[in-house]
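Here is the structure we will look at.
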Amino acid sequence: MTFSPSTADMPDARTANPLDAAAAAIQSQREGSFAQLGSTFLTRLPAAPLPAPYVAGFSADTAALLGFPATLAGAPGFADYFSGNTTREWAADALPYASVYSGHQFGVWAGQLGDGRALSLGEVEHAGARYELQLKGSGRTPYSRMGDGRAVLRSSIREFLCSEAMHHLGIPTTRALCVTGSDQPVRREEMETAAVVTRVSPSFVRFGHFEHFSSNDRIDALRALADHVIERFYPACKDDDDPYLALLNEAVLSTADLAAQWQAVGFCHGVMNTDNMSILGLTIDYGPFGFIDGFDANYICNHSDSQGRYAYRMQPQIAYWNLFCLAQALLPLFGARYEESQRGERSVEDAQRVLEAFKTRFAPALEGRMRDKLGLETARDGDDALANRLFEIMHANRADFTLTFRHLAQMSKHDARGDAAARDLFLDRAAFDAWANDYRARLSQEARDDASRALAMNRVNPKFVLRNHLAETAIRRAKEKDFSEVERLAAILRRPFDEQPEHAAYAALPPDWATSLEVSCSS
Ligand code: AMP
Ligand code: MG
């Protein structure tokens, strides 16, 4: 008799449900995870059931990141599982969890906030990387305050589409695996329906987490949190004289880079409160965000932001202001190497020096991106002024942000024959022509020919971004249970730099009805 292994325990490939494998891969108590920080940092509780959920969106890319098959979306029980419904008994230590944080909202200290409508399921490890999975909109938590713990279909689809679109634009961001919806009514400015977006990130730690423990004078917890972030994400900080100052430095650099990327693509976050700032410099908490259509440097995407605190042109300053709050929160950890009597003063000086690095990082980061957007391989005096003058005439003419940059690639360094597409976006043709002449003169100092410059520019100036009206159209259909437009839009936005001539309409100027669209914090 020959030895043959038993096949009795092996799943049958034809009948195995990929959801079982996915659910088993999500671990709520992985070594070194945020969850392991324990009950000072989080509360474990089940999600509130969402009746009769359906799948409204699915990202096969994010699934692949987690090692899940693309067939997962069609698996029996998928919508239930990712809505937080489960028929299993949760083990007490395997329950999902909501974390506690605080923060500054619109420049004012708001005290304790926390995951008021999000629960983390745990972490998945795949291909050497670890990701936390979080259900947003999964019901009330101890941190819900007056809120209902829910998210609506509209905002969940917007977060799903935009976080995936940002990733494909090359901008650091949390990701999204799926959106599930339900007919359960939810009251906002009008009646809407509930949904859950499953978002995915190496970490959901925010500046506000540090502010929370610092403001409560819980320095041991503050240190444990900082140690967790250093251990997992910035291990090189451990070798620094002052690891916590080094952590601040990492946050300063990644946040400066992020702000430069937002500015360069015309993205407005809308609610840059310190509780919406990722310690990893990721775009997080998509709410009333917006990509600028006709350029207005003062553009305010959030209808609730009457003062324009988070207007487009303010974003870099606000990022810096938020980092200042982070530095303030970390201050008790700084200066271990100093004598006690000197520590306070020296630590403040150190923190200020590290914060200064924002300016020396942000400006060159944005200038570099602007040079790439203009197709300039070399750096010369006056490049900055050339870019700023373009922004000035774009602003004066409300020229479309995305299309202006995209069309610049058609211009030639030899003559004005390729100017037409960009020029048509400017009512003041003379202003455009004056700028175009200077741009052409600058291009003629570059060795690269027109064709190869155009190729390079089309790799940094997207043709497709998630314009508000595109999201709105997909949402209107989804409300009628037709999710094909969510899928189509997601597919187009996966390749934002490709011509995709068959989808030209998705790159066009917004229709007239789009001017009345308003997005606000209430979502
Ligand atoms: P946001 O403006 O979405 O970043 O939310 C700010 C704070 O309010 C966070 O603590 C959220 O968890 C909480 N929050 C927002 N909406 C709700 C809601 N519908 N129910 C409970 N908490 C919410
Ligand atoms: Mg938030």
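In case you wondered, yes, glycine gets a Cβ from its N, Cα and C as well.
All TrEMBL annotations are machine predictions without curation.
Bear in mind that the values here come from a model prediction, so they are computed numbers and not experimental data.
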TrEMBL annotation, ATP site containing Gly114, Gly116, Arg117, Lys136, Asp148, Gly149, Arg199, Arg206 - matching residue among Asp61, Asp285, Asp293, Asp296
Asp285
In three-state DSSP terms, the structure that Gly114 (ATP binding site) belongs to
coil
Least crowded of the recorded positions Asp148, Asp275, Asp285, counting other Cβ atoms within 10 Å of each Cβ, is Asp148
Quick one: give me the count of other CB atoms within 10 A of the CB of Gly114 (ATP binding site).
24
DSSP three-state assignment (helix, strand or coil) for Arg199 (ATP binding site)
strand
Given the binding-site residues Arg117, Arg199, the candidate whose Cβ has the fewest other Cβ atoms within 10 Å is Arg117
